[in-house]
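Record features (Swiss-Prot):
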- 76, 108, 127, 128, 129, 130, 131, 132: S-adenosyl-L-methionine binding site (BINDING)
């Protein structure tokens, strides 16, 4: 089993990197995890809708170029389906039972994901109707993946 977290932009702050490293270590016994960052598109602060779409398209192509054809793609979207921690564990378990073993979670940049990435998605997942910084979202996501594995194995952690 392999899980990839694919995201736009570079993780900059040391504390986010440390949190990610901790969960990568914790996930070691359960799955191979890889974090891939694609560069975010430099853009002015006040963009037109057309400029926003162009930024999303460029970032989207970078993301799509990193997704393996056989990978099950789970995009993080505000309009996606909200799951509990148990629900995420069940969703992953169901897909693994169906023979899926390569998962790519995709986190877009500050303007969201391009339509081409959304069309490649096998599952749209939402953590909230609120917007989170995409650097923070990586930490939240990797923690929830770890929690899902603990739930699937019936191990103490989730309360």
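FYI, residue positions are counted from 1 along the chain as it appears here.
Backbone N, Cα and C define each Cβ position, glycine as well.
Here the Cβ of residue 130 (S-adenosyl-L-methionine binding site) has 7 other Cβ atoms within 10 Å, regardless of which shown protein chain they belong to. Residues 76, 108, 127, 128, 129, 130, 131, 132, recorded as binding S-adenosyl-L-methionine, reach a greatest CA to CA spacing of 15 Å.
Every protein chain considered, the tally of other Cβ atoms within 10 Å of the Cβ of residue 131 (S-adenosyl-L-methionine binding site) stands at 10. Fewest other C-beta atoms within 10 Å: among the binding-site residues 108, 127, that description fits 127. In the structure as shown, the Cβ atom of residue 132 (S-adenosyl-L-methionine binding site) sits within 10 Å of 16 other Cβ atoms. In the structure as shown, the Cβ atom of residue 129 (S-adenosyl-L-methionine binding site) sits within 10 Å of 8 other Cβ atoms. Other Cβ atoms within 10 Å of the Cβ of residue 76 (S-adenosyl-L-methionine binding site) number 24 in total over all chains.
Within 10 Å of the C-beta of residue 128 (S-adenosyl-L-methionine binding site) there are 10 other C-beta atoms, taking all protein chains into account.
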